[in-house]
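Following: one structure in structure tokens, then a few remarks.
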Amino acid sequence: MDPKESLTPPSREEIPSSVLGRERAHVMDFYKSLRGGTPVKVSAASPSLAAVSQPDSKQQRLAVDFPKGSGSNAQQPDLSKAVSLSMGLYMGETETKVMGSDLGFPQQGQISLSSGETDFRLLEESIANLSRSTSVPENPKSSASAAGPAAPAEKAFPKTHSDGAPEQPNVKGQTGTNGGNVKLFTTDQSTFDIWRKKLQDLELPSGSPGKETSESPWSSDLLIDENCLLSPLAGEEDPFLLEGSSTEDCKPLVLPDTKPKVKDNGELILPSPNSVPLPQVKTEKEDFIELCTPGVIKQEKLGPAYCQASFSGANIIGGKMSAISVHGVSTSGGQLYHYDMNTAASLSKQQEQKPLFNVIPPIPVGSENWNRCQGSGDDNLTSLGTLNFSGRSVFSNGYSSPGMRPDVSSPPSSSSAATGPPPKLCLVCSDEASGCHYGVLTCGSCKVFFKRAVEGQHNYLCAGRNDCIIDKIRRKNCPACRYRKCLQAGMNLEARKTKKKIKGIQQATTGVSQETSENSANKTIVPATLPQLTPTLVSLLEVIEPEVLYAGYDSSIPDSTWRIMTALNMLGGRQVIAAVKWAKAIPGFRNLHLDDQMTLLQYSWMFLMVFALGWRSYRQSSASLLCFAPDLVINEQRMALPCMYDQCRHMLYVSSELQRLQVSYEEYLCMKTLLLLSSVPKDGLKSQELFDEIRMTYIKELGKAIVKREGNSSQNWQRFYQLTKLLDSMHDVVENLLNYCFQTFLDKTMSIEFPEMLAEIITNQLPKYSSGNIKKLLFHQK
């Protein structure tokens, strides 16, 4: 049966006129004998149980519009209280929201009446029966009645429960009058019998929202306007709901048991005003969800703090699909909307924790909690879990919904525990670095090791092949490889001193800036000479220094001149290869022409090996022994062998001079580089200008090394003279050694072996020495 047909008056004679309420859609007709005028349009507020008026009650009058042509009718009595108590309604505009306390009535418990569960029918009663009933409270909207016969009023059935019993209005027995003694309802039970009979004839459709949920605050009447669907949530004129508001705190509406209870004598047992709880529906303004269709509330399994409103299918009204507007995007089908169901503590919690508008920024955590709540939904409902809340500030009022607040009790994710910058590692041993020491990010252990190694001038020797693994566990196994790795990383004592100088300059400039004026204090004081934080040439030379090689000499076998000379030649061949690699790593050397590089190496290979031998002998044995290798040391006993003493005496001269002058490691590195550049062809090099520039650069580096060792003293030039004099004397030493080397190379009867690399160099060098095409670059004239 069509719900509209069941609610239509039977005939025109029986019902002169019926008016549909525009705002809340409650139909009320007033009989002509009582009204005395044409039908009036009355708007009803939210359904609530009206109380009985008292004589001294305040009467708030509201205007009622009448049709044209009714101005000639007689003055109508005041109908501001013309609402039946049994109808469970009170009259008033939606904007004014007149409550029972405003009309001066004793305030009764209010019961929200679902419009989908109430049907309005004519009561086929006579005016005489109506006159015996209680008078209708005066209508606050009627200011003056029009002349003419009274319009009959259409009565409404009380709210019924699922068992079909009518709901008993809250009446205390008072009778109100309409300016006279005319009573609208009798005090006996005849009225309720008629209601029950009419209610049985009423057939509600099976799909009616009233049958689906009996106490849902979102259920609405089938004949009301679509604009009234939000009436249980907020007022009609609420701009936040029209522009996309949501329910922030939705309390469950619990209706009391209002079945009529009758005593044996026929009197009604009415509950006291304090015994009936006041159901309230609290609405909070939100910014991104607009509920525009009735729904069913159900509790989610994920937690007691949330419930969801499910919607499915098409709405009956107008055949339109029910939808939820999320950020202005309308969705249809099954939708989910979450409400905060903490009815006990949410009100006080809201008042304390609700942030102010435009003061506290919105909390951007809505999507996380939303996704967590979507876990128990259907597959077609999970689309809302992927909403992007990044642009929410456009719609936000300055705060977020309590349902969207972060869950502080949730355990942190495993990924958050692993977040953070990775630890910095030492560039030497890969341990955790403690800071930047000597210009390199290192640990404290490598910092102390490097300082002691440099200041103690230790000459570490590797027991292996100079390729030991240096890590946190094995860094103490080989100090030679560890020290080499420190140099390769770029550690330099100059960096520490430079840092101290910078700190001192900054402190000095800070003191000066405090004494100057305000304008000069704002200027940045830059030192005249910026300290050089880049690695110096000496530090680079330390890094590229060749490793100590082993001869592989078997000391268990008796020594002989042939055996020792062969072992020295084989060791010399590997040292030449290492010298070639070292020369190519010298800054600026590879900029020379390739022929010039080969020529310089052919002229200087003996200089390099003898000077390095003298340094090792000076550091290891205080110039008393010749330390060719860790496993091949020439002592006095071996020097006494035939053809060995004279050659060893020339070599010991170099180590003794280094011992006498106490040459530092930086000075040794610069002198060794200058020996590479100490001999050139007589006709010059192809890159002569570049060669001269490179040589002058390392001469200056030698001067810096002297200053570093001696400080700013008058002995610097004297030491520079002594060191350069030693470099000049190296030509005589090398010349004697080359002559003996060429002799043994050419004399096949001695059967002394030469490695391939060394034999090739000697073969190319012999013609040049024989022709005298060699120019010695000396610092001092003889």
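Here the Cβ of each residue, glycine as well, is placed from N, Cα and C on the backbone.
The annotation SUMO2 cross-link is assigned in Swiss-Prot to K263, K282, K298 on the grounds of similarity to another entry. Look at Swiss-Prot and you will find K282, K298, K708 tagged as SUMO cross-link, backed by similarity to another entry. Sequence annotations record features per position, and here Swiss-Prot assigns ubiquitin cross-link to K424 based on similarity to another entry. The feature omega-N-methylarginine is assigned by Swiss-Prot to R24, with similarity to another entry given as support. Taken from Swiss-Prot, the feature phosphoserine applies to S46, S114, S135, S142, S208, S216, S231, S272, S312, S410, supported by similarity to another entry. Positions annotated as region 'Hinge' by Swiss-Prot: 492-528.
Sequence-distant neighbours of K708 (SUMO cross-link) (same chain, six or more apart, CB under 8 Å from its CB) are S664, E666, listed in sequence order.
Taken residue by residue with DSSP, K708 (SUMO cross-link) is part of a helix. Note: the residue listed as 'ubiquitin cross-link' has non-local neighbours E432, A433, L441, i.e. same-chain residues 6+ apart with C-beta under 8 A of its own C-beta.
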